[in-house]
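Feature annotations, reproduced from Swiss-Prot:
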type	residues	note
BINDING	9, 10, 11, 12, 13, 14, 15	FAD binding site
């Protein structure tokens, strides 16, 4: 047993906990440990499609919105890997998924507080020492381990969600999370169907559409959504993923929060507008060239999925929601781009009674992201959609959340936590009267002689 007592141990190393590790590593006197059963950092490897990009700009890296001077920033990664000038010349603020993964792997290799290949199998509470024991097994050697800590952070991520009618044991369908691993096998089928409407579904459809000229498959994209809608990214709308809105959202009654989330799908479930346009343009070219192998259909809910192993075909039953009419669909290959869901990890079963639970069995998450009854010992990442809203899965918000979590874990605000970030109001005035803001008194400004305009961005000295 390791006799060192850590200030906190974090379980799971995805982007959110990797951000927390990056922000906590420089803090003197703060002893931390991050554990993951994988052999190294690997973020959605099945969706590292060549043309796929993040929907956040590069500033939403692991650290910059909390500490722009951090050695773990994306720009420092570019500088130290001799890529900063090529990135500057590209003038593209959106990273590919593959580039973001390379950046995260670069950071992970430099952090001293990460331990991969550690399968956490149990978490116990020791009331005498007021500490937690994190136990498990090294995946390579099989050797047992035990670490003691005062606090915990759970960042185990989400699991592929499957519709209730789809039984993985009975049918060899593919979830989009595993798409690349099965792509070439899939392209050997006579027909392929994608079910789902979000970014992942669009990326898979676009990838198969681009390469369909080299193959003979027919391609269908079917979704329950009423349309193939784009993700909203206008500036005032984006303030709904600001710290100010998160505070406002958390204070609303739970029933109202549930209603609001159903209205905000386009904030976090939509498709990048440029990708929608690329799909349309490519479809238009193919149709005008006489290639009509493609079907897109909305308002269609999957009700049943059967697989015939002799014919190696899927038989799908749908219900068209607008017309209230059923229809069937046969296909040789099936990709379910049906999103992800959170599962309670079995390793925390021994401390179940120390955690606050909602009636539906989910965590009751406090404003500070704590889930224990005291609100000060056990914290979670990326499981608070109902409690904190659409900022929960957003990469750009992780620095703000981690700055808050670090303050709760250590008792010190190591990184400034902004309290006023939005240009708009979300709550009505407390006194019931909305007043105009006072006009700013005009200041006399010095007169400067006019100078010729020039493009200083491209100026050469």
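The backbone N, Cα and C atoms fix where each Cβ goes, glycine too.
Known features from Swiss-Prot, placed on the structure.
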| residue | record | CB count, 10 Å |
| --- | --- | --- |
| 9 | FAD binding site | 24 |
| 10 | FAD binding site | 31 |
| 11 | FAD binding site | 24 |
| 12 | FAD binding site | 21 |
| 13 | FAD binding site | 29 |
| 14 | FAD binding site | 21 |
| 15 | FAD binding site | 23 |
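DSSP assigns residue 15 (FAD binding site) to a helix.
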